[in-house]
Amino acid sequence: MPGPWGTVYFLGTAQICSFLSSRWNLEGVMNQTDASRPLNWTIRKLCHAAFLPSVRLLKAQKSWIERAFYKRECVHIIPSTKDPHRCCCGRLIGQHVGLTPSISVLQNEKNESRLSRNDIQSEKWSISKHTQLSPTDAFGTIEFQGGGHSNKAMYVRVSFDTKPDLLLHLMTKEWQLELPKLLISVHGGLQNFELQPKLKQVFGKGLIKAAMTTGAWIFTGGVNTGVIRHVGDALKDHASKSRGKICTIGIAPWGIVENQEDLIGRDVVRPYQTMSNPMSKLTVLNSMHSHFILADNGTTGKYGAEVKLRRQLEKHISLQKINTRCLPFFSLDSRLFYSFWGSCQLDPIGIGQGVPVVALIVEGGPNVISIVLEYLRDTPPVPVVVCDGSGRASDILAFGHKYSEEGGLINESLRDQLLVTIQKTFTYTRTQAQHLFIILMECMKKKELITVFRMGSEGHQDIDLAILTALLKGANASAPDQLSLALAWNRVDIARSQIFIYGQQWPVGSLEQAMLDALVLDRVDFVKLLIENGVSMHRFLTISRLEELYNTRHGPSNTLYHLVRDVKKGNLPPDYRISLIDIGLVIEYLMGGAYRCNYTRKRFRTLYHNLFGPKRPKALKLLGMEDDIPLRRGRKTTKKREEEVDIDLDDPEINHFPFPFHELMVWAVLMKRQKMALFFWQHGEEAMAKALVACKLCKAMAHEASENDMVDDISQELNHNSRDFGQLAVELLDQSYKQDEQLAMKLLTYELKNWSNATCLQLAVAAKHRDFIAHTCSQMLLTDMWMGRLRMRKNSGLKVILGILLPPSILSLEFKNKDDMPYMTQAQEIHLQEKEPEEPEKPTKEKDEEDMELTAMLGRSNGESSRKKDEEEVQSRHRLIPVGRKIYEFYNAPIVKFWFYTLAYIGYLMLFNYIVLVKMERWPSTQEWIVISYIFTLGIEKMREILMSEPGKLLQKVKVWLQEYWNVTDLIAILLFSVGMILRLQDQPFRSDGRVIYCVNIIYWYIRLLDIFGVNKYLGPYVMMIGKMMIDMMYFVIIMLVVLMSFGVARQAILFPNEEPSWKLAKNIFYMPYWMIYGEVFADQIDPPCGQNETREDGKTIQLPPCKTGAWIVPAIMACYLLVANILLVNLLIAVFNNTFFEVKSISNQVWKFQRYQLIMTFHERPVLPPPLIIFSHMTMIFQHVCCRWRKHESDQDERDYGLKLFITDDELKKVHDFEEQCIEEYFREKDDRFNSSNDERIRVTSERVENMSMRLEEVNEREHSMKASLQTVDIRLAQLEDLIGRMATALERLTGLERAESNKIRSRTSSDCTDAAYIVRQSSFNSQEGNTFKLQESIDPAGEETISPTSPTLMPRMRSHSFYSVNVKDKGGIEKLESIFKERSLSLHRATSSHSVAKEPKAPAAPANTLAIVPDSRRPSSCIDIYVSAMDELHCDIEPLDNSMNILGLGEPSFSALAPSTTPSSSAYATLAPTDRPPSRSIDFEDLTSMDTRSFSSDYTHLPECQNPWDTDPPTYHTIERSKSSRYLATTPFLLEEAPIVKSHSFMFSPSRSYYANFGVPVKTAEYTSITDCIDTRCVNAPQAIADRATFPGGLGDKVEDLSCCHPEREAELSHPSSDSEENEARGQRAANPISSQEAENADRTLSNNITVPKIERANSYSAEEPNVPYAHTRKSFSISDKLDRQRNTASLRNPFQRSKSSKPEGRGDSLSMRRLSRTSAFHSFESKHN
């Protein structure tokens, strides 16, 4: 059943089968009961029998996609070793529908297979063995959900080994994609990563620009992760611009796509959710892609299926040719090349290679580097663009590209650095990093193919520029091929910077071919670039190339084909080839009037016929030889003239155009390429004429488009183009008038030989360009033309009338010399008469076959006086004019002609009035004969105007003449008067009819006076308003006629139902309703009495007519009629008139000036005498023409030019052209200045500058950070060097065995800025020969002040420690005191004052005996602070310790004081004891001190609350101090109480520590830093002066406790820029689990006092590097070096380095952090250790 009925049958049966299948579940027959099976079986058989032909037809018509593409599915289950529930393909075993797993086979069919389970697991899953091909079941359209509007994308599921030619056919044929001009393949990381905001913006903008300008395809991975997500964001940001323009194709593995089941279906539209499941390993597709190719290899959740398919597809696309179009092959021998009419040779535009491919690398993993190597090794190699700064692989490639040398070599030091970077970036082992490094170096061997884009670099400001530059470098093509590639991309910036460079070699003709391609593809910038680089348009443009440009199908749509069809007056075949002859006819049709195109002139048509005619049978018809000849008798003469035309076909210039920019501009205008037309307007000569011609052509095409019912947008666009060119003409005229008035007037009047021998004024009138005519320059010229050679400015009308009525008064008038009017126009005939005596005859124009003998016989009148050139009197500018010349010039002035004609016309009207008002006699009277002669001579004048008009053909002359409104009315009036005159000469009753016609005819002649009023400045605009209102009233009359007839017909039919057929019915319909409009309502006839007889008052009875049926309706409809007609429509007409008035009023001045030109031209061409005397002027003109014909040969002048123009020599013409070009340059210069000074442009420039400054500031900040990082690296290396030197010194000391007292003669001046962590550790505590060190640890409360303690960069907790040392000090009670040095705020050292200071101020509270004073020592310059710690021999018992001072180890307690004397020997006794007799020292454990009293350091805080545990950190650590091996400090003599040691503070560091307290069982996280780093004996520096007066020291009681943190610039730098140090915890001692009793504490105190040894302060040194308790030190990183330097400079000027700085923190914040921390969360503990 073929045909449409078969289709209906198929569809109908399909619906039935579908219903039955769903109703009875035909697919599940096996699941049905036995009772239902027979019915189902019967239905199935019936459906099968009915559908068998339809199913076969369906299979035959199977879609091409199903036949060409396949999918892959796993058909063998091999469990994975990692997950036994999954197959090696990635799917669950249960998802293998309909398959028998291998394990099941072994379990259920043991007889068939005896393999073990291990054998099955050892079998490797492979795509070729364990997958099966089947036709694809997923293709169609995706509708992405979840956005504001759903995006759509085409998709298809294909096998991973699909042939690339099938995919390309799918994209170009099925998906209707145009072959790309560039393929951008984006590679990068698949994991999500963040780009810098600025880099992301530049990346997205550049990628979109590269794709939009070149018509590129973008290949990505398709999924919404990693770099693909950033590509999608870029497409999303430009969605409004790029919709339908950018083709983004995602090639993704089918197995990793989320929601695969939603995409299954054949040629379907599937909604797709873009929300990804965070628990799933699959990913969703990116919604901003336009197409998806899903590669299927049978796996699920695994990448890699698309790699091979994507690379093969890119390779195949790169082999495709781009931009191939049908171009004729043109030979230089134009007589032999015209073979393109029969066949067309294909000449591809652009390179002879395929589609260029470029790889774009953004971020990425190690596999991306392998992909880059594969691209570089391909044949031909694919250029790669690397986006530096995006991270990982991109940065490594950029680094290798920057520092590698030719051949892939790199410096050894950089090689190690790069290997370390690879290890850290990809978490690789050394071996893996080396392998990847080898791949990287292989890539660097072809580094010329790699382009690195660095944001902000001078070479690559945009990434699109980097992409295209890389393609040019990698293409390895010739210069013409590179230019064609840039032309296809439309990237003139690439061509200018990369192709047109110095030293580039260009083959002959290559640039001309590029010019042709640029013109066809409408690439204005390339045309400009080619012209700048030496392409000669004169040599380039030939007849054949111009014709090819008119026949191109590229570029914007245009109406040229429709115009040619209108001109040819017939349908054209689809493959019709437009010739230049057709173009000439179209131009003449659009320009209208008498315009004559060069393409239709005899010379060009003969040349065209000789070149192309023999190869073209219809050449003669196209040339128009037969059609254009007006008279039959002239054909023989015309053909003879054709043979006489001398054309040298061997001349190479014969095929070129003298003004190529003219021809190209007209081509651009007709092809609707506005930008190209504007460009060609700027080049070449006669710019003003070109602008006016373009204005007229666009306006005419817009009119044609609106007449042909085309889309309104086309007409509006063409009108807009016309206004643009018109504005250019006016602005150029204004510019030239400002520079030189006379040359500007010459521009308006000189003859344009290339534009139908017209003038700019004539072209402006033809284009109806009112603004151009109304310009001051044009009006001044018209005024001079109007006055002729008369010099009159005031009362010109009265003077002219007086001269006409009294001719002797002419001699008193002033006249202008010829030199005063160098720009004055004249007729061609007069010009030739002036040239005859001076030079031999020269044919100025070619002859044309359309010259009419009648025109030659009539000739023309002298439109203007003959101004013969008098060489002898040129120097005398104001010479006297002869009387005869004055009379002649007077009567030939247009103003005189106007008044002469006006006076004659007024006399004619007076005589006409007399004729129609008086009795008409049998024969005409004298007055009547005068009127008849006036009309008759006026008719002859009208015939002369027609015959002497500019068009060549008689029919065209008539058409042009009838376009004038007054000419049409004059013709009607003359014909009507002629009819009346004929009837008047007849007998009665025709004589009366003639008289009536006279009476009617005079109405028009009165109206004709309005044309005369038009010359007046005030009356002229009103005349035009009347004309406009008349047109509006015509539309109103049509509407009024509808209303009037509706009422009139109804009224007439109701009131007069029994009328007979008559013409009176028409009159009766309109008569009364029409007069009702003006207020005559005929009240007596509205409701006349009718019906019964009426009795008057006098008793008489009046018989009334019977009432008409329905007569009562007439008043009702009359009321409605009057309401609509009198009120609504009349007021509507008034409103329309009002609108017209204001519309015309706004342009009335321009309209009047435009009409003034027409009036001036009319009287300029008229003879001197008015009708009826004009007959004498006609006779004179005939006589002159006959005489001229005798003196000239017939062939000398083929065309008669009757226009008024300025004829100038070639030198003057060149001068005018130069002046015009200067004006154009000045015009564009001023235009650019105005544009640059406009507010919008200034705002834009300012915005760009601010953005650039912002980018520069960002770059400066980045460089500053880079410099800081470099300085930090230098600091670290210097610290390491110092550490190395220290260790070397220690080693040398051990080797030489020198004593420290002899070797350490110089005090160390180590700066606190040392960044070596190990060195700082060694400088972290006191060290004495037999001394003890005590460290107090303080936990850092995060809620405390952040500016005091440095922030550790690690996640480890932090801890402070303070160093203590003990000296053998005895008071009166024999108590040994422990001296403590601790930190207040930032390393300020404070203790109580000495006892001497207490004595000086008795009112002050008591202070501890031990003092710590800080004094500057000018004799020993140091960048740090010298700290003097004093220990007094005596301690008065009457001085009680302060509550707010620190008592270490409970020294202030009575129990401790009582125990101390009995256990501790005195100082002198101790000194006399032998070492063996001294009390043994032991370490004090934590348990021994838990019961000691701990007091606050700060007066701002009271004692700790009882509920708060005093130890919130680790217990104080114990470190054994051994003899330092460093020789940097002096070894002191045994302990002397009279001398105080000097302590120097340096820096601190962190060390991580975690521990548990046995006392509390609470884990405490701590971090440690140390503060005291140096201590020397004061005997080296005159100790007596150092401790002269304790009260004068800053630490005295009489002084305020000073905070030295503000005067320590190095410490401030460390606090303001936190350092990051880390240490490992030291080994802790064993802690007791239970708290000790008070008795045990008392015993411990007693034991402690007995075991306190007198230390000998030798030096403050570091822990030895070999000590087991030394924490491991990591490198410290400083964040600000400049701030440290600045602070050093600021503090260098302070006289007292210990005074508080103004910039320090306010005192209101309280005491130091150390005090407050200890008061809240810390306590002291001490340890004792004796150095062996």
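Backbone N, Cα and C define each Cβ position, glycine as well.
Of Glu921 and Ile1285, Swiss-Prot records each on a different side of the membrane. Of all ranges given (132-155, 300-323, 1212-1235), Swiss-Prot attaches the label region 'Calmodulin-binding' to 300-323.
Range with Swiss-Prot annotation region 'Calmodulin-binding', chosen from 457-480, 793-816, 1153-1176, is 793-816. Looking at 25-48, 73-96, 409-432, 601-624, the range tied to region 'Calmodulin-binding' in Swiss-Prot is 601-624. Sequence-distant residue pairs (6 or more apart) of the transmembrane segment (895-918) and the transmembrane segment (990-1013) include at least 3 whose Cβ atoms are under 8 Å, placing the two stretches in contact. For the topological domain 'Extracellular' (1057-1073), the list of distant contacts is 1044-1045, 1047-1049, 1051, 1082, 1085, 1108-1109, 1121, 1125: same-chain residues at least six beyond its ends, Cβ to Cβ under 8 Å.
Across the region 'Calmodulin-binding' (793-816), DSSP classifies residues as 16 helix, 1 strand, 7 coil. Among residues of the same chain six or more beyond the topological domain 'Cytoplasmic' (1014-1028), those with a C-beta under 8 A of the stretch's C-beta atoms are 898, 965, 1140-1141, 1143-1145, 1148-1149, 1151-1152, 1155-1156, 1159.
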